[in-house]
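Everything on this sheet refers to the single structure shown next.
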Amino acid sequence: MNNRATSNPQDDFKIKDTKPQLGEQWPHRGVRGGGGWIRSDRVTSTYDLVEQTYFLYVQVVKARDLPTNPVTGSCDPYLEVKLGNYKGKTQHFEKKTNPEWNQVFAFSKEKIQSSVLEVFVRDREIVARDDYLGNVCFDMDEVPTRVPPDSPLAPQWYRLEDSRAEGKVKGEVMLAVWMGTQADEAFPEAWHSDAASVHGEGVFSVRSKVYVSPKLWYLRVNVIEAQDVESQDKSQLPQFIRAGFDLEKFGFGVLEGDRRKELKFSTKIHLRACLEGGYHVLDESTMYIGDQRPTARQLWKQPIGILEVGILSAQWLLPMKTKDGQGRTDAYCVARYGQKWVRTRTVVESFSPKWNEQYTWEVYDPCTVITLGVFDNCHLGGNEKPTGNAPGRDLRIGKVRVRLSTLEIDRIYTHSYPLIVLQPNGVKKMGELQLAFRFTCLSLIHMIYLYGRPLLPKMHYMHPFTVRQLDSLRYQAMNIVGSRLGRAEPPLRKEVVEYMLDVDTHMWSMRRSKANFFRIVSLFSGIISMSKWLGDVCQWKNPITTILVHVLFCILICYPELILPTVFLYMFLIGIWNYWSRPRHPPHMDTKLSLAEAVHPDELDEEFDTFPTSKSQDVVRMRYDRLRSVAGRIQTVVGDMATQGERFHALLSWRDPRATSIFIVFCLCVAVILYVTPFKIITLSTGLYLLRHPRFRSKMPSAPINFFRRLPAQADSML
């Protein structure tokens, strides 16, 4: 925390390079030496984008021949695994001497403080203390190490001994104990010592899971014709209509009791319905699209690459809720690309959680985006109180987007991304997320070919939807995806899905509108710089540069066939020059570009307002007046643009007879001059005139500009 306090505030929102210890390093024969675990040189290809994390796995399968209570004559057994200060318990069974648990416990090696693993079997008692049935002990130095892809370790029967009864045997328990990593198959479903304080239903919400989005189709319904349409005017006869018709339900009224269930023939309608598999069902913004394939699997192409993501850890997370008067954060990470969603396990009560989980996606188009978000788990079954005003909802900590086309092939990117969230009180950094990326290309020719293909499937261009239809369909798709993923175990809740899919990007925001305006202005910065440079050349600010431009201009006029090759060669040289200063890391959330650092508090309050608004009339009136002021300036700019275009039309429209007469006579004279004068002479003369010395220039506007400004426009006819 001290490092964060002393860091430069400007660097606080920047992406940082990291050098984690990636790759699998295994202990030598599972033996601990005096200096710790001995690391070998064996490095495998799996899980090579995360730091190696060791776990002690204890698989509890079942027990048999357990003794019964001499008083009750029954046995309600459960098993307890103890390693130092950590304890894990299975569920208990009532009146069962041969229980089957099939549960795995995982203890982080970093937190192991004992050299003995103890397994206890107890008989649950409601009133008195639970009876001790027996135990099994394991020396940590004797625990074997399992190295994937080896087969799982076979469980074995162990006798339960009662140390208080001089080694008397009390049944047997089937166990398997081994040392492994997060690459083990038992890792996702295991009970973790990091979540030892979680009980009840909260245990299921801390596990890592992989989800698949539901397969969505567009349903197209064509109304062909309707027959025997009843009209509200009873004097008219039933009609035959070959068009779509707004049908109303005719039947019995609400007050007529059981007669409402009777069927009454009203009309016949001819429909054609089909499932459209040629479209891609959009459930996210096209700006951050992660999948472009059509619904029908028969139309899918072969993947062009593999994306591997290592979700390493987070640092300096802020407290998201309070428990027993102390701040805490139970963080997990969600990644979404294409139809595959992944969720890491929840690390309980940690401001610097370490996940070290690696996931893989097939890539069908490089111009797609992967989205990763960090959330605080608020469903652990405790008495936590969220710091926000949304109880029972997983709180958002931050989000990261990475566009695959910005990644170099076969390069490993390891960076720490700032987790930035815009809140009603301003922009805030919630922590940092450490990630590792690698994009592997399977077919370079196919990938280059895709750059010339449409972004979406063919049906989006052959039979396009309107903007309003796309917004409505996207909202419906988002609701379906959120509903389906919310019924999984553990559920991926609706607030998480909405945040990952950017459901609120279409809402009005003064801050975002200003940011987009400045983005447009920045696009013309190159043109403005070029025009400024040409102005300096024409003004002879640097005589040497102006003379060189004269020489180059004369050469191009004498050899016009060199113009296009020179332009393309110049762009090639610029690209080669910019290669040495190319970006070294993917783009990230930019607070300066988003105008999040200097936004007005009232504009933020308006951005976070509900729809429809929940503010008072005075606040709404003030914001409406401000919006009218901004819209008025936009209206003026649009009107000026329309005026300039109408003046071009007025050149030949005879709206101003004298101006049109002057222009057509000028056109005739220019045509005659161009017919009798070589084109090279005309071009050379024009260029030399534009590059003339300032001594031969006037500060007054030129005659063509004065003539154009005097032309009429339809602004005179505006009310």
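Every residue, even glycine, has its Cβ placed from backbone N, Cα and C.
Because TrEMBL annotations are produced automatically, they should be read as predictions rather than curated entries.
Pulled from TrEMBL:
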COMPBIAS  1-10  compositional bias 'Polar residues'
REGION    1-25  region 'Disordered'
DOMAIN    37-158  domain 'C2'
DOMAIN    288-417  domain 'C2'
TRANSMEM  435-452  transmembrane segment
TRANSMEM  517-534  transmembrane segment
TRANSMEM  562-580  transmembrane segment
TRANSMEM  662-691  transmembrane segment
Taking residues 6+ outside the transmembrane segment (662-691), which of them lie with a CB under 8 Å of any CB in it? 537-538, 546, 549-550, 553-554, 557-558, 560, 651-652, 707
Near the transmembrane segment (562-580), which same-chain residues lie under 8 Å Cβ to Cβ, leaving out any that are not at least 6 residues past its ends? 555-556
What does DSSP give as the helix, strand and coil breakdown of the domain 'C2' (288-417)? 7 helix, 65 strand, 58 coil
So, by DSSP, how many helix, strand and coil residues make up the domain 'C2' (37-158)? 6 helix, 56 strand, 60 coil
